[in-house]
């Protein structure tokens, strides 16, 4: 039975004699960045030079991949000592240890306003020329969401192919799914050969995640879509007529950076227009991050890269994919819910959520037990495998606390022990956020406050009882959107002066296509098979933005990735129609730019933003110089001999980003009054009609004075550029600010367009 990637797995891999295994265990995979321009003239080809460099430190090491487009270099397996010796070789820029990355609809088009404004987007023509490359767990080509009816020939720009492999052939592609590839060499070098009886060594998606993300971005229109009747309606991706190219880089044991780099390289060579990557790893400097390295090269080729922010919220500094050439997407909710009410014996009722579809519980009250009281384990309250005592659970509804193991697995554990239902309660880590799951038994998830009340009842009542009532699908939930508690948050731990995430998009309870190789719960014991599934995560919000970027690209073929991102960011909204600010469900309070970035995406407004903040490759190189990166570090990203100008003054604050992250150094506390001045320079490009834009400033803190010079910008023609400077001045006395952060906003308007930028202040 296939094990889904998004359920945490541990692998132990043993092969060969003990001594061989011991030697192999000492080796790790490294990505080696080479200064190709420094190749000695004695070599006819750079691959010969790479091989000679490798053989000079190891007689046995082979190249796993040789890279020529997104990085110059190769990946290989070496001991730590060999890696150190290789890094000292002439022409070797860096030897970076491989990282393992992990994976982080029917209602969404209406919620985003696309159904009412379909005529605004020229979907039938130019959008069908846009190709979205999806790096994920592969694709289920038989999904109705890949129907190519009504699509014209494959775009002439396409250079890719449809690879054959286990359970997959070239004939599985069509005019919608125009390409599919798989990358497993890095994975297999570390964990050994893929077990083809459990996992397809091909582009086929045995997990579901890849099909879900690809169809969210660009799934064809499918009528009467639902999951067991939940979220029924017409399913469509954000760019329903765009083409899809699938690149399988994630396997049961994770997604390895050597494979991800190889896939990005192929996607660039294949001529995709948008790259969607719902995956992330640890947080490291840009030149050490393979996703950032590959994305830099893709950006140079005019490809927009959309990545998930991660699911480590609501903790601060929890973001991944923080580089400024990546569009980083957090998650918000829709105005749709799947209520499942919990009624307990003392007459109290609680709102929960569930996607359970099967034989319901009797309408009468049933015996109820707290898992901690039905277990001999110290963590019995978590309903982990093997921790429940069947004699105490049989015939009862079990109350489980959320945490550690997957939510759906808790229900499976209850069912295996003889339980007939489950109430799953959030703890402080999740607060009131409710995520619906396709449980294997009657179950409802409730928020922390409800869970605390129910738990007290269970402990105090000698004969507790309960029942669960399932109500199906409910629309019009208010307020919506709210920032998901799991959505990773800023500040940006690598470069605090670049605000991340960039934006939020729908990422909670999203319906999209699914793999027939696995059930909707993702559990191996789940034998149900569905065409569509409802799941949650920033993995779901990322492809929303990927698809919307494809729509904008189709309407504005000459726009750069930075211009498209700017359009999405500066038109995003941060308040509901009643004027109240978008809530953070983790706190119940207004969210901040560290939670929502520029705000929630508004694709209709993004089509006509008026002005954009554009960026070139040179701007990003200046940014790297401002970070005081060494020549080797910059060149590993730039892939050419680039040297910062010693006579030029570089500033991170001058990166032409559509948001402002203002860092005041050395003015926090200190006992005496002091002031700090930070200046940011920006340039706006006119992509609308001629007009004069005037600035307005708002700030939530009195500790910072903001001034903009000039206060108005007049544009007389298309693509005209105008610059302005913002001066931020803070003064602190003997006491520190009440909070080490604060927020504001700058808006430029000509009466028709509003070009908004969030401001986040922090004091160090």
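Keep in mind that glycine also has a Cβ here, set from the backbone N, Cα and C atoms.
A simple way to gauge crowding: the CB of residue 136 (active site, charge relay system) has 30 other CB atoms within 10 angstroms, across all the protein chains here. Residues annotated as active site, charge relay system in TrEMBL: 136 (among others).
Positions annotated as active site, charge relay system by TrEMBL: 209 (among others).
The active site, charge relay system annotation in TrEMBL covers 539 (among others). All protein chains included, residue 539 (active site, charge relay system) registers 30 other Cβ atoms within 10 Å of its own Cβ.
Marked as compositional bias 'Basic and acidic residues' by TrEMBL: 195-210.
As annotated by TrEMBL, domain 'Inhibitor I9' applies to 29-104. Summarised by DSSP class, the composition of the domain 'Inhibitor I9' (29-104) is 21 helix, 27 strand, 28 coil.
Taken from TrEMBL, the feature domain 'Peptidase S8/S53' covers 128-577.
What TrEMBL lists as domain 'PA' is 381-453. Confidence annotation: the domain 'PA' (381-453) carries a mean pLDDT of 94 in the model.
Residues or ranges marked as domain 'Subtilisin-like protease fibronectin type-III' by TrEMBL: 654-760.
Residues or ranges marked as region 'Disordered' by TrEMBL: 193-216. Tertiary neighbourhood of the region 'Disordered' (193-216): same-chain residues 1-6, 103, 105, 108, 132, 134, 136-141, 143, 145-146, 162-168, 172, 180-182, 184, 187, 235, 237-238, 244, 246-248, 250-252, 276, 278, 510, 512-515, 517-518, 522, 533, 535, 539-540, 542-544, 547, selected by CB-CB distance under 8 Å and a gap of 6+ residues from either end.
Feature annotation from TrEMBL assigns signal peptide to 1-20.
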*Write out how many residues of the domain 'Subtilisin-like protease fibronectin type-III' (654-760) are helix, how many strand and how many coil, based on DSSP.*
1 helix, 65 strand, 41 coil
*How many other Cβ atoms are found within 10 Å of the Cβ atom of residue 209 (active site, charge relay system), counting all protein chains shown?*
28
*asked:* Could you give me three numbers for the domain 'PA' (381-453), the DSSP helix, strand and coil residue counts?
replied: 22 helix, 17 strand, 34 coil
*About how far apart, in whole Å, are the alpha carbons (Cα) of residue 136 (active site, charge relay system) and residue 539 (active site, charge relay system)?*
10
*Give me the Cα-Cα distance between residue 209 (active site, charge relay system) and residue 539 (active site, charge relay system), rounded to a whole Å.*
8
